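Data first, discussion second: the structure below is written as structure tokens.
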Amino acid sequence: MRGLKPARNQVAQALFKPTRFIHLNHVVKLLKVSADTKNLVLGKSIHSHLIVINQTSLGSSIQPLNSLINLYVKCNQIPAAQKVFERMPERNLVSWCSLMVGYLQTGFSLEVLKLFKNMVLGDGLKPNEYVIAVVFSACSDSGKALEGRQFHGFVVKSGLAFHQYVKNALINMYSKFSDAEGAMRVFSLVPGYDVYSYNSVLSGLLQQGFLNEAVQVLDRMMGEGVKWDSVTYVTVFGLCACLKDLNLGLQVHCRIMKRDLELDVFVNSAIINMYGKCGEVFNARKAFDGLKVRNVVVWTGIMAAYFQNGCFEEALNLFSDMKIDDISPNEFTFAVMLNSTAGLSALRHGDVLYGEIIKSGFMDHVIVGNALINMYAKCGNIGAASEVFSDMICRDCITWNVMISGYSHHGLGKEAMAVFHDMLAEGESPNYVTFVGVLSACSHLGLVKEGLYYLNQFMKTVGVEPGLEHYTCVVGLLSKAGLLDEAEKFLRSIPVKCDVVAWRTLLSACHVHRNYGFGRRIAEFVLEMDPNDVGTYTLLSNIYAKAKRWDGVVKIRKLMRERNVKKEPGVSWIEMRNVTHVFVSDDCQHPESIQIYEKVKELLARIKPLGYIPDVAAVLHDVEEEQKEDYLSYHSEKLAIAYGLMHAPFEAPIRVFKNLRMCEDCHSATKLISKLTNRTIIVRDANRFHSFWNGCCSCADYW
């Protein structure tokens, strides 16, 4: 009794006086105090006292028993509330509604539906708007769409559909069922709106991607002058982020500042997210720096903003700052950090994060497992990615997609297809992203018939509409099989507009299959589409050089100068003991450049007896053969590989990353270097991963 206020002490003293006459109002008030403060000990004492001194007379009164149900519900003692309910000689709507709320709040939504049926059919009571709102919430929480729609019909017949509580519950239910049309029908046809109605409709439309409809609802809300709450601001900023509408986002932010509103952490996070998605990292950081109090949600939001805009190092630096601020990361923080690490291909940093995740106890979170698989796959350690995948207890569609895509990107088509078949066996429905990985795997394996089956039949069976990425994969599939004419016909017949990437896939195949005449025609077509596409100029130059058409090479270079198109210099990098070493072709800036050049020279000399012949045809200069060999010898990837062989432990694979496509000479040389040194060498270029071992490459010499 120590925690009660003086006025309430009087009620308590009156209750525990040795008399049989206790005023029911005192009992009800004291039970309400117990429920509001969740003081279960006091509540049980009152319950016991009622049973001992006045069970018979109080048993005939509904009000104190309803208060007892309310007490046990708020104290999360649903079995006790159920016992009181079952022993009541008489019940009213409050009795039923209180117990329904208890079951709803504890996740037993189906019990709510059973109670409602018993109330109507057993006790013959007519529900009011509060009971109906609870039942609609139970339908939405339990995913009972059919029952929800049936109950909607019951409500319309009973005339209760016009109550604001009921309308809001209906909108919320249809939104959770992903039925935007149903939510909009209720919103438009039933008169009367409040901020909760608008929030429910806006949130439902946003979650399902009906962005234009959401903008229309927002315009209507503004026109009617409805006062916004924090949920409205979070939803509207989310809408701005999805639309990437910076102008609208700035207007909403100005609205907040003009009204001098006190913002909670969710609104602040939404503002940072909006600026991040709209590409305004500076504004996101400004909003972040202006916060007096920052929790893990806000820290994760600003890290995500940097990550989404390719500022991976800045995101990782913020992680250190957050720990200095004594804020513990959550599963979303780790996911952002791992994906930022993947963007930098910083494998050592990823290993450190993995250790922190295990220590922090977040390993069982699906979002963390997915990010780990992605990080290891993009950092070149597909074996570690596979181990994480195998150890995951729970998986979602993203888990399967990341593993399939990871295997495909590494050229491991068989493994990718095996995971896909396991996915189907587990009953997981493939989506748009799944089939990009599957068709890519078919391309690696040369499975033309299977790939066309997945595109033309299986995707339609599972309800996935083919898109540009799928068609581009099929172009790669046909091209790798040498079916260049069929690939061109396919490109010209598909129902979506092809981009430069799809046509350049065909052009690259012309280069690999040495069909130079076909390639020149495709290249000219691509340059008409995009006169500034650097990749096409490079491939066309290579085609002319292979055919020893030096006049063509000169023509392309002149054209590039006239159009101010500049080829990005080839850069390769390798991570060694937490330090990233960057190399440019013929670069002498590295502190160990003399030793590195000697190592390259030694390696090339030792692989010549194994069959290495410098591919001088790839040199885009009409110079002497000896000079051409010098041009080839010190490409950036050769320098990085040599440095790796000089310093990496013998059992460790060499992992090199390059910003451009790997040239044919470096590819041939690396195959033989892997055989000579008995080392696994993994090179990720602009197209894919190449895993070299014992003189072979995972790409089977097609990339």
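Here the Cβ of each residue, glycine as well, is placed from N, Cα and C on the backbone.
Mean pLDDT for the repeat 'PPR' (61-95) in the predicted structure: 88. Residues or ranges marked as repeat 'PPR' in TrEMBL: 61-95 (among others).
Under the heading repeat 'PPR', TrEMBL lists 194-228 (among others).
Per TrEMBL, the feature repeat 'PPR' maps to 295-329 (among others). For the repeat 'PPR' (295-329), DSSP puts the residue distribution at 26 helix, 0 strand, 9 coil.
Among the features that TrEMBL reports, repeat 'PPR' is placed at 396-430 (among others). Counting residue by residue with DSSP, the repeat 'PPR' (396-430) contains 26 helix, 0 strand, 9 coil.
Per DSSP, the repeat 'PPR' (533-567) is made up of 26 helix, 0 strand, 9 coil. The repeat 'PPR' feature in TrEMBL is assigned to 533-567 (among others).
Marked as domain 'DYW' by TrEMBL: 611-703.
Counting residues 6+ beyond its ends, the repeat 'PPR' (61-95) has Cβ neighbours under 8 Å at 24, 27-28, 31-32, 34-36, 38, 40, 43, 47, 50, 101-103, 105-106, 108, 123, 125, 127-128, 130-131 in the same chain. Cβ atoms under 8 Å from those of the repeat 'PPR' (396-430) belong to residues 366, 369-370, 373-374, 376-378, 382, 385-386, 389, 436-438, 440-445, 447, 462, 464, 688-691, 698-700 of the same chain, restricted to positions at least 6 beyond its ends. Outside the repeat 'PPR' (194-228) by six or more residues, the chain places 164, 167-168, 171-172, 174-176, 178, 180, 183-184, 187, 235-236, 238-239, 242-243 with a CB less than 8 A from a CB of the stretch.
Within the repeat 'PPR' (61-95), the DSSP-based counts of helix, strand and coil residues read 25 helix, 0 strand, 10 coil.
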